[in-house]
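One structure is given here, and the rest of the page talks about it.
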Number of protein chains: 2
Amino acid sequence: NEIPHNEKLLSLKYESLDYDNSENQLFLEEERRINHTAFRTVEIKRWVICAMIGILTGLVACFIDIVVENLAGLKYRVVKGNIDKFTEKGGLSFSLLLWATLNASVVMVGSVIVAFIEPVAAGSGIPQIKCYLNGVKIPHVVRLKTLVIKVCGVILSVVGGLAVGKEGPMIHSGAVIAAGISQGRSTSLKRDFKIFEYFRRDTEKRDFVSAGAAAGVSAAFGAPVGGVLFSLEEGASFWNQFLTWRIFFASMISTFTLNSVLSVYHGNAWDLSSPGLINFGRFDNEKMGYTIQEIPIFIFMGVVGGILGALFNALNYWLTMFRIRYIHRPCLQVVEAMLVAAVTATVGFVMIYCSRDCQPIQGSTVAYPLQLFCADGEYNSMATAFFNTPEKSVVNLFHDPPGSYNPMTLGMFTLMYFFLACWTYGLTVSAGVFIPSLLIGAAWGRLFGISLSYLTKGSIWADPGKYALMGAAAQLGGIVRMTLSLTVIMMEATGNVTYGFPIMLVLMTAKIVGDYFVEGLYDMHIQLQSVPFLHWEAPVTSHSLTMVGATVWSICPMLLPSSLPAAVCCPGPSACRCCGMVPDSLFPHKVFVERANLSLVQRRLKLKDFRDAYPRFPPIQSIHVSQDERECMIDLSEFMNPSPYTVPQEASLPRVFKLFRALGLRHLVVVDNRNEVVGMVTRKDLARYRLGKEGLEELSLAQT
Amino acid sequence: NEIPHNEKLLSLKYESLDYDNSENQLFLEEERRINHTAFRTVEIKRWVICAMIGILTGLVACFIDIVVENLAGLKYRVVKGNIDKFTEKGGLSFSLLLWATLNASVVMVGSVIVAFIEPVAAGSGIPQIKCYLNGVKIPHVVRLKTLVIKVCGVILSVVGGLAVGKEGPMIHSGAVIAAGISQGRSTSLKRDFKIFEYFRRDTEKRDFVSAGAAAGVSAAFGAPVGGVLFSLEEGASFWNQFLTWRIFFASMISTFTLNSVLSVYHGNAWDLSSPGLINFGRFDNEKMGYTIQEIPIFIFMGVVGGILGALFNALNYWLTMFRIRYIHRPCLQVVEAMLVAAVTATVGFVMIYCSRDCQPIQGSTVAYPLQLFCADGEYNSMATAFFNTPEKSVVNLFHDPPGSYNPMTLGMFTLMYFFLACWTYGLTVSAGVFIPSLLIGAAWGRLFGISLSYLTKGSIWADPGKYALMGAAAQLGGIVRMTLSLTVIMMEATGNVTYGFPIMLVLMTAKIVGDYFVEGLYDMHIQLQSVPFLHWEAPVTSHSLTMVGATVWSICPMLLPSSLPAAVCCPGPSACRCCGMVPDSLFPHKVFVERANLSLVQRRLKLKDFRDAYPRFPPIQSIHVSQDERECMIDLSEFMNPSPYTVPQEASLPRVFKLFRALGLRHLVVVDNRNEVVGMVTRKDLARYRLGKEGLEELSLAQT
């Protein structure tokens, strides 16, 4: 049981990303030597890497899409054939058994690979990427192995009929691809291509991971601008025009690659009609504009979405706490996933069985129409919702002409799918929560639109598809609480900008209402995992906290021994004066100079040593320092960052917070007014302070 | 002649914005006292202000649009009537005279108000807003008077038939509105509404100005997301989710207000069809997609746009140098503006006169068709380009069916308009360069499309409208060199996201090609005005520069006298130790304590003193300090920022640059390793270093 039971803790297992490892003398010297031509070469390499990130992310998205389409199609055909067969001669329970078994076994495979091979591939990966971009190192999160498990896992989850989407995991996939390509090597494959060595440092890698995440969003929703905004919202502490432009380039390439390949695959090679894994389809703004009178209605829908989202999150919170306590063994996790798969199939089957909502088959675009007990030439409307990938169901709810769905069907579907999706999120499978949220919202939104249409006696503006869209936005906003990026993603997925204003209003309302009750789903899960995550701003009431009494982590002259994450080198007879900072990554290499002959350096560290070891420097404890070596000295001046950032001890918490956030720092030396070191502030010290119900709370560090 | 002749200077007249004026003890104490409720009130006020910014910016845009439409319509009708009259009976030179005189007199009024009343209202205002958001204080740039002159000026320029647009100035207008509203008072009107006093500090004001600029973009192009990105690209050094979300809110409100009011004005109250001052019209993506083969063609167009843009900028550079040297008296400026207006009318007239491009009037949507020498039922095609506001001409070039324009017409028009627009930019009138750039590009783009269609014998994909769009993007990108924000603005103005990828490629190519020759138009003008503008990153070759030898601006114990912009308070017997920083805004208030009775404070400064005086603190030289007062002492501890940012003197220029940029600093104290003050770095010290042709260049400070 790795995760602490009490959520008011910070876990020690999450390291900060070492943003300033590249600030030591070796790196600085390299930068000093760099001339204009070399700079240009590096810049071109950055663009090439971004193009590659875009292309590969697009291809991975294509792969997932095509495999899911084929496997899911196969499954639906088998089950449909079976149901059709048994409808006539009775014994539909066999069909149920077949369906549930099929789903459970597919999900079992998906869950086993995640639980036993790479647990970090579970879920959508968005909380993990948020943490990574925030500056927290989560073990294994950007490894090739994770990518493979993620891709296979998400295919199996979707094919297994769980209430999940394949969009969220694309963001994680894009991030892994970016991390891999930009480093020019793979630890999982043990291959080093000896390229892009310049980028083997945290700042550069993180920039590429931002681009990868953006490319993932872009491929998932056909939303390149939304992708850029997602990356910026989550990650970029410091906005840089060139970086943003590169991120946008990667996003564009990603959606373009997906579009081209899928167009070729679907046989209409040049039409470029599939910019994303999910496309909301074309909302015709001539037919379907909105009027000013509708705006209060949209705001009301935002309120409903906020409340339902908060309910979803609260239920999921309890469920997650339960899981942390009782379901932490991998085999139990697999069993739970199978159970959910079987229950999902059963619920679907029962609902289809009980439904009496028949629609004429003529003129409809249903992929796998199920006649069941309907008259000839008709199909069961409830079955379309369950006999489709969730993506298709969403689009159907948006675009099916008025009258395609019975209000009862929609109501039952919303209710059931809400609980199923809530139960599913947090299972040990790779899966996203975007599409289920959209689907729940689209269902109740359409229901709302139909009711409105009844009430107003079929007024022209009560098109249920539009309300389905707004409901989807409200529900998703209420669950994930993203702001600008989600608005833009929704705008781009609908393909036109007309709905921008109402979508923004709906998302804003949903966020405000939802935040009143409980925080967003991703933030909740980040907090449950005790990650030292830094939010946008320091808690408002923390202005009176200063750095006086900062933890003294390490002070010379006992520079060398044991657990010392970042030493402050301070010559001077009496007190320790801050004259530089030495990275911890230096010590494992044991560069000692014997006390006797100070001028003789035993082994000089090279920049290459840092780059080859990056990012997995051996922990300091793993180095054996013999008694003889303890007598030796090190010449630190070469490896030292001569001008570390310092703050006076009178500095307030918000000011230090701003420095950390704006500069992406890992630790900051606290000095008094003689520049004598009084301590060190780390990211965990800042993340400890949270605004709780009764004002400022201080969390303690978990000992796990 | 206020502007220095040599462009390799930094002007002293531009102050930095005092971002850290709010860091003194008084402000810190207020923040310490703030509790959760107070914080929430402040937050709600911020939202209210953003909504007001959006509404007012939208209304101003409506006002400009409606007035321009009516006045320009009136003018065109008069001239058209006159031409029609004289076409039959000869004597068209009277018409020319009428047209030229009308234009010149309207432009004269527009130029007089700018040149004599508020010169800072000249041009589009985008360079000024870029500087403001970058952290440079430009006198008068956000005053109400400037807004009034700007609005009147832009109306008169457009009505006067200059080759200008009304979009750029909207950005400036939005910024002024934001600055005014957020401070709750107007210096021009001498009214203080005693509201929003909390926001009377530079950081807050700048955030609102960002929102205002975004609202301006949003109203101009119907591009709320583009507006946000513009603000972020130009201004935000530190990305904050809440701030961005508020900026987006202001943008959305702005376009929505414009849309509602214009819809009502045009009589179709609820259809919301005018999201911006210019709408590119609907590009139907079913009819007008693009195919993969076209991408190299688009890239080629980007190259052309880059070259033409660079040519435009180079010509304009020479022209601006000429203007700085010889046309600096207001009356000369007015005369030049009138000359340009008359020449523009003459060129237009001659071209219409010489054109033999007649098109059937039936089925066309030309607003003021001019028959001239065409047969009955036909109109002169060249006249549509000149007998329309440039906005309408752009849309016509995008959407008129193939065959509406003769290649010769387009070629001549491009050539003439190119030089006219180039001559016009930099005149002492309020006007933007966006629309003329788009128009030039649309003209040659359409010409290019037509040629391509000839060459490929009318292949289906050679729709001239699409090429007009790409040409417009290429030309605009080649001139202004904006990146992400321009892509999104173009995407939003076309109303669909299909063209996102080709537009991005075109803009990227245009920027790369253009940057090879000469920098962007706005940056060029910023540099010509010697503004201490900080770019995104320090020059690449500046890593070897350190802060050793930083200018010692002021060191205790001679704390008080004369010109001391920011004092470092340093008790200690021998050397000066940095223990805090005192804002210069303190001294004008003369808070002395007599040497004799140190405990007695004569007058305590209050937070209100700062807020009431903000942002126009009297210059220190204007305060008379008597000999007696010189004997007095000040208790600075209260007004001191106890933890100013400091850097060690070994810090390299890029590191200091990053601190300035990320934290929005004004000055930074340089200390040695004993924390003794060795100097002070200001924004001007950083802006001095530029990457020239032969490596790093150091500019000197102008003595003007």
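Note: Cβ is positioned from N, Cα and C throughout, glycine not excepted.
Positions annotated as transmembrane segment by TrEMBL: A:47-68 (among others).
TrEMBL lists A:96-117 (among others) with the feature transmembrane segment.
If one looks beyond the transmembrane segment (A:147-164) by at least 6 residues along the same chain, the residues whose Cβ comes under 8 Å of a Cβ in the stretch are 60, 63-64, 67-68, 71-72, 75, 99, 103-104, 106-107, 109-110, 113-114, 117-118, 121-122, 125, 172-173, 176-177, 180, 340-341, 344-345, 348, 389-390, 417, 420-421, 424-425, 427, 429-433, 435-436, 439. TrEMBL lists A:147-164 (among others) with the feature transmembrane segment.
Within the chain carrying the transmembrane segment (A:208-230), a Cβ under 8 angstroms from the stretch's Cβ atoms is held by residues 49-50, 53-54, 57-58, 60-61, 129, 132-133, 142, 166-168, 170-179, 181-182, 199, 236, 243-244, 246-248, 250-255, 257-259, 274-279, 434, 482, 484-486, 488-489, 491-493, all 6 or more beyond its ends. The transmembrane segment annotation in TrEMBL covers A:208-230 (among others).
Distant neighbours of the transmembrane segment (A:242-265): 43, 46-47, 50-51, 53-55, 57-59, 61-62, 65-66, 174, 178, 207, 210-212, 214-219, 222-225, 227-228, 231-232, 236, 271-277; these residues of the same chain sit at least 6 beyond its ends, with a Cβ under 8 Å from one of its Cβ atoms. According to TrEMBL, the transmembrane segment annotation covers A:242-265 (among others).
Per TrEMBL, the feature transmembrane segment maps to A:297-319 (among others).
Residues annotated as transmembrane segment in TrEMBL: A:334-354 (among others).
TrEMBL lists A:408-427 (among others) with the feature transmembrane segment. Sequence-distant contacts of the transmembrane segment (A:408-427) (same chain, six or more residues past either end, CB-CB distance under 8 Å): 111, 122-123, 162-164, 308, 312, 315-316, 319-320, 323, 333, 336-337, 340, 343-344, 347, 351, 355, 357, 381-382, 385, 433, 436-437, 439-440, 443-444, 446-447, 450, 521, 525.
Sequence annotations record features per position, and here TrEMBL assigns transmembrane segment to A:433-455 (among others). If you look at the transmembrane segment (A:433-455), the same-chain residues 6 or more away from its ends with a CB under 8 A from one of its CBs are 124, 163-168, 220, 278, 297, 301, 304-305, 308-309, 312, 385, 390-391, 393-394, 397-398, 402, 405, 407, 410-411, 413-414, 417-418, 420-421, 424-425, 462-476, 479-480, 521.
According to TrEMBL, the transmembrane segment annotation covers A:467-491 (among others).
For the transmembrane segment (A:497-518), the list of distant contacts is 283, 285, 289-290, 294-295, 298-299, 301-303, 305-307, 309-310, 313-314, 317, 469-470, 473-475, 477-479, 481-483, 486-487, 490-491, 524: same-chain residues at least six beyond its ends, Cβ to Cβ under 8 Å. Marked as transmembrane segment by TrEMBL: A:497-518 (among others).
Positions annotated as domain 'CBS' by TrEMBL: A:640-698.
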Going through A:47-68, A:96-117, A:334-354, A:467-491 one by one, which has the most CB pairs that fall under 8 Å from the transmembrane segment (A:297-319)?
A:467-491
Using a Cβ distance cut-off of under 8 Å, indicate which of A:47-68, A:96-117, A:467-491 has the most pairs with the transmembrane segment (A:334-354).
A:96-117
Against which stretches of its own chain does the transmembrane segment (A:47-68) lie, if we need a Cβ under 8 Å and a gap of at least six residues from its ends?
147, 151, 154-155, 158-159, 166, 170, 173-174, 177-178, 181-182, 196, 199, 208, 211-212, 215-216, 218-220, 246-247, 249-258, 261-262, 265, 277, 389
Is it possible to list how many residues within the domain 'CBS' (A:640-698) are helical, extended or coil according to DSSP?
16 helix, 25 strand, 18 coil
Please compute the mean pLDDT of the model over the domain 'CBS' (A:640-698).
74
Hey, which bits of the same chain come close to the transmembrane segment (A:96-117), Cβ under 8 Å, at least six residues off its ends?
75, 78-79, 82, 145, 149, 152-157, 159-162, 330-331, 333-334, 337-342, 344-346, 348-349, 427-430
What residues in the same chain, six or more past the boundaries of the transmembrane segment (A:467-491), come closer than 8 Å to it by Cβ-Cβ distance?
217, 221, 223, 225-227, 229-230, 232-233, 280, 283, 298, 301-302, 304-310, 312-313, 394, 397-398, 433-434, 437-446, 448-449, 452, 497, 499-500, 502-504, 506-511, 513-515, 519-523
